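Please see the structure below; I have some questions.
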Amino acid sequence: MSDTDGKKPLGLGGGPRSGSVKQSFSHGRTHAVVVETKRKRVVVPNPAKPGAPAGGGSSGASHLGDPSKRPAGISDAEMQRRLDALRQAKAREQEEAAKRAAEEREREEERQRRREEIETKEREDRQREAALRARAEEEERQKREAEEEAKNRAAARKADVLGTQRRQPAAPAPAAKPAEAEVPGDRGAGQSRPRPGAAAEGPAAGGPRPGTTPRKTDRERENRETDRGAARRGDEGRRTGKLTLSAATSEDGGRQRSLAAMKRKQEKARQKAMGFGQKAEKQVRDVQLPETIVVSELANRMAERAADVVKSLMKMGMMVTMNQVIDADTAELVIEEFGHRAVRVTDADVEQAIDSVEDKAEDLVSRPPIVTIMGHVDHGKTSLLDRIRKANVATGEAGGITQHIGAYQVKAPNGQVITFLDTPGHAAFTSMRARGAHVTDIVVLVVAADDAVMPQTIEAINHAKAAGVPMIVAINKIDKPSANPTKVRTDLLQHEVVVEAMSGEVQDIEVSAHTGQGIDSLLEAIALQAELLDLKANPNRSARAAVIEAKLDVGRGPVATVLVQNGTLKKGDIFSVGEKWGKVRALINDKGETVTEAGPSVPVEVLGLDGTPSAGDTLDVVNSEAQAREIADYREKASKDKRAAAGAATTLEQLMAKAKADKDVVEIPVIVKADVQGSAEAIVQALEKVGNEEVRIRILHYGVGAITDSDVGLADASGAPILAFNVRANATARGSASQKGVEIRYYSIIYDLLDDMKEAASGKLKAEIREHFIGYAKILEVFRITGTGNVAGCQVTEGVARRSAGVRLLRDNVVIHEGTLKTLKRFKDEVKEVYAGQECGMAFERYEDVRAGDVIEIFEREEVQRTLA
Ligand code: GDP
């Protein structure tokens, strides 16, 4: 070790602390630095040993300090030097500590300053809000003042600018100064420190900071540089340092800011400083809110920034991005938070396109009543309808041949037009009602005078009552000798139908569909009832109609028979109907004539649909094809959702219960095809009712139209028969059906179909096993016979004992064994039967424990085939 190297760490005492300095940095980081010193080589003449090298000897000694501790061979001068060094190091250390303390203070001040800034800002924010809320006038006044001030200042600056430009180039004005002076002035009094935001406005606007003074000259130089640059760019003319040619030309080029621009800038800066942004003119918007919405779309509709919306959602605990979908409830909260109004809209709003304006009383005109005929099977509904139609044709209509379109119009003797619905059975009537089509105004209840009230009569009464439709009772088959109309009337009383003949209010007419007797009176009664109902509609509006039948016609495509309920349906109208839509291509009336329009209560066939709607669907005329399509799409989706929801078992428990119940149920799969939708639905509804907890009919598929190959395929795959109602299989389907052995059953009467299916279902029922007791025997004694086991010696007390029969052993009236007989002996002979009073020997199959006094019960089992009720 030698001190001549001059780089020796200050470690004279040997202690490491003496030479290291602890540095502190921001964020609490520290760093220990080993301080090294570079010493000048000092030559001190040694009086004892002149010429001795200054740092050479280790033998040099000094008595400064503790001579006893002085290392041997160190001279006094050397010692002195080392001690000096030590002192210097200490002094430096102290100096550094002081510096550190100063730095620490500085940081503390900085922190304090920031705190103050934040506080000031918060205070400002608060003040701003207060000002915003309560002091609109004050604000206005301030604005005016500020404008004035800005104007003055701008004017002053302009003068200043002009002055500066004319100033000597040698006297550059520190550009930061004016800016520095302005900004605090803008913020008003009571503000000692510039805000950080303001610092950006001028290069030196940060204000003097402790410890930055030494760099001031640099800054100034910098400023000057910038100024020159700015001047070159023709930016802030007032900062011009030197008047150069380019500066002069650029000035002349008019690139200087206009007074108005300055004013605008000032105003903007002021508003920014005051925090008056768009907030001041914030608009409250009505935000359309669908069931779900994408966050960015929501922001868009509120005219807010998407980031702000995301932030507010996050505050609510929802971590979402701009592109995520949120539900309407959450969105509504956000909308409220932003101070807007949420307006909920649903998909169903597409249906609003349908004109639902109430008609004014003066627009309404009378319309014909719509009549449905109901009653028990074979009471003469069809015959009566035919008779009415024929009678009407006979009254002089041209052509005379009427087409079956499911409804037709006739004229009553008094001239009143009446619309008869030719379709519905009761099920169809109700299913139409279930779809919201209140088509029927009056129900004619047909009761056969020779049969009186029957189950379906009661059903019809209930349907009519449930629909709140007035009834007229037609007592039919009055021509029959066995007719007893009085019985009909009294029978009806039991079902709360009090006819006029029984001093009630329900009209009752005796008619005969065969002879035509009473038909006119019936029509008159209907006309009277219609008058009472005062039925009205507005023919001068877009039409609304109810579908009463729909079918897929080979030549014409989907065809729907509709009954116009309000307005007038015209050729070319665009409409939505249930889940379908269309444009009226042609209208055909009940006489088979093509018409151009159909008014209220008029039945017409409509051509031009995109698919087969369902009976009971409502047809609404809309404005455009797009609307019609939209409505149809929406309805289709909605009904799909509904079906899916209905099909899904809600709980696991329900699912399991259903599975358990299903296990024991025998299902008969069938496919139903019918000529019209109404029939198909009626059949399906009736079939669904067939069966009990053991057997049921499962409709795999039902539809309208001819049986196709795909129906046959489905039937084959599931081993189902096809039930065809008034339809036939096409050639290919017929071929493949016979090839695959698929059964197609043709019907034209619903009841036949139902009866057949009931029978089939009955066939699937397990046969019931019934027991008959055929005799009793009493055990008198028990014998033990080798090879046979215990044999009971008994006497038949009742009936007969048969060897093939089942036996039960009863002891004290408790069944202790049930089985069959091994032997039945009478005097050592095996016999088939032993009658009452006789004695016999009996042994049980695989059972020995028989005792005297036990009773044997002899019974037979019988299988009984059950049928469905
Ligand atoms: P629906 O099942 O109610 O439609 O009854 P139908 O119209 O098919 O008639 C059933 C049976 O009753 C048919 O055989 C008709 O001929 C007969 N029928 C219907 N009306 C009368 C009538 O007024 N007098 C007589 N004697 N028979 C009638």
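Cβ from N, Cα, C; glycine included.
Keep in mind that what you see is a predicted model, and the values were worked out from it rather than measured.
Found this in TrEMBL, in case it helps:
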REGION    1-264  region 'Disordered'
COMPBIAS  78-160  compositional bias 'Basic and acidic residues'
COMPBIAS  169-182  compositional bias 'Low complexity'
COMPBIAS  193-203  compositional bias 'Low complexity'
COMPBIAS  215-239  compositional bias 'Basic and acidic residues'
DOMAIN    366-536  domain 'Tr-type G'
BINDING   375-382, 422-426, 476-479  GTP binding site
What count of other C-beta atoms do you get within 10 angstroms of the C-beta of Asp378 (GTP binding site), across all chains shown?
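For Asp378 (GTP binding site), the count of other Cβ atoms within 10 Å is 14.
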Test of understanding: give the count of other CB atoms lying within 10 angstroms of the CB of Ile478 (GTP binding site).
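Step by step: centre on the Cβ of Ile478 (GTP binding site), count other Cβ atoms within 10 Å, giving 22.
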Could you tally the C-beta atoms, other than its own, that fall within 10 angstroms of the C-beta of Gly375 (GTP binding site)?
26
Which numbers of helix, strand and coil residues does DSSP report for the compositional bias 'Basic and acidic residues' (78-160)?
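Helix/strand/coil tally for the compositional bias 'Basic and acidic residues' (78-160): 82 helix, 0 strand, 1 coil.
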Indicate whether Gly375 (GTP binding site) is helix, strand or coil by DSSP.
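DSSP assigns Gly375 (GTP binding site) to strand.
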Other than its own, how many Cβ atoms are within 10 Å of the Cβ belonging to Lys381 (GTP binding site)?
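Counting Cβ neighbours of Lys381 (GTP binding site) within 10 Å gives 24.
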